[in-house]
Amino acid sequence: MPELPEVEVVRRGLQAHVTGRTITEVRVHHPRAVRRHDAGPADLTARLRGARINGTDRRGKYLWLTLNTAGVHRPTDTALVVHLGMSGQMLLGAVPCAAHVRISALLDDGTVLSFADQRTFGGWLLADLVTVDGSVVPVPVAHLARDPLDPRFDCDAVVKVLRRKHSELKRQLLDQRVVSGIGNIYADEALWRAKVNGAHVAATLRCRRLGAVLHAAADVMREALAKGGTSFDSLYVNVNGESGYFERSLDAYGREGENCRRCGAVIRRERFMNRSSFYCPRCQPRPRK
């Protein structure tokens, strides 16, 4: 699933190309792509038609377009929330595989914005905007914590939350209610950089070490963002269909059997929450039982 850097790459591409444009036509090619929009595909297409795109925003792994739509009495602002799922893509112009296009929108300048999704886990929905902790976010996103790249992210406050958690640190890093945007890849990378094993119970770690993990998460995601994100296959691409190349810089994730770039020990892989965790047994020793 795309994590914060990959979603932010897509958001920036959309911000540059669709802000200020008006949606003139929408077609839903697969009903699963709008299953999260409770009112159904006909309602979504009717409300999107004629809507002006005011801008784009993101929290964690969730992306949305802020729209100005025609209300009953006056224009109202609403959000087109985009969930990329495992393989969702927001593409501008020509699409490499038209068979995977689930939704297409025509803009007033002739641009076609397509939502392609090979596995059909993602989708679009329209949602009201609400103010939460000083930020305007769509209702489905309101429960998410701020992410490490949010200017208002409070590292000390998150550390205090983690100090109260009596489960594995990595499990907490993946909990979007604690800190959003971090997925399996960047959790492993942040833990490697901070020399902390994710199997440690969060509450047993000192504030300094927890803070180091959060700072490492922010650092590695900024670096990934600068390189277009991490693409292990063709499923993650930017709005122009181009893959990121940060996978070449990964220090832990996906490197089972390879030497640690810091100490030379062999990177290990373990099963964790139906996923895989990658770590260095020397730099990141497991907690003592």
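Cβ from N, Cα, C; glycine included.
Since we're looking at a predicted model, the values are computed, not measured.
Taking Cβ-Cβ distances under 8 Å and a sequence separation of 6 or more, the neighbours of PRO2 (active site, schiff-base intermediate with DNA) in its chain are VAL10, LYS61, LEU84, GLY88, GLY229, TYR236. For the recorded site, PRO2 (active site, schiff-base intermediate with DNA), the DSSP three-state label reads coil. The active site, schiff-base intermediate with DNA feature in Swiss-Prot is assigned to PRO2.
The active site, proton donor annotation in Swiss-Prot covers GLU3 (among others), and the record cites similarity to another entry as its basis.
Secondary structure at LYS61 (active site, proton donor), as computed by DSSP, is coil. The active site, proton donor annotation in Swiss-Prot covers LYS61 (among others) and is backed by similarity to another entry.
Residues or ranges marked as active site, proton donor in Swiss-Prot: ARG275 (among others). Its Cβ taken as reference, ARG275 (active site, proton donor) is surrounded by 14 other Cβ atoms within 10 Å in the chains shown.
Summarising the annotation, Swiss-Prot assigns DNA binding site to HIS100, ARG119, LYS165. According to DSSP, HIS100 (DNA binding site) is assigned to a helical segment.
Across the range of the zinc finger (251-285), the DSSP-based residue counts are 0 helix, 12 strand, 23 coil. Annotated zinc finger per Swiss-Prot: 251-285, in sequence order.
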Nearest of the recorded positions (HIS100, ARG119, LYS165, ARG275) to GLU3 (active site, proton donor) - Cα to Cα: ARG275
ARG275 (active site, proton donor) versus LYS165 (DNA binding site) - Cα distance in angstrom: 21
Lowest local Cβ density among LYS61, ARG119, LYS165, which the record lists as recorded positions, within 10 Å: ARG119
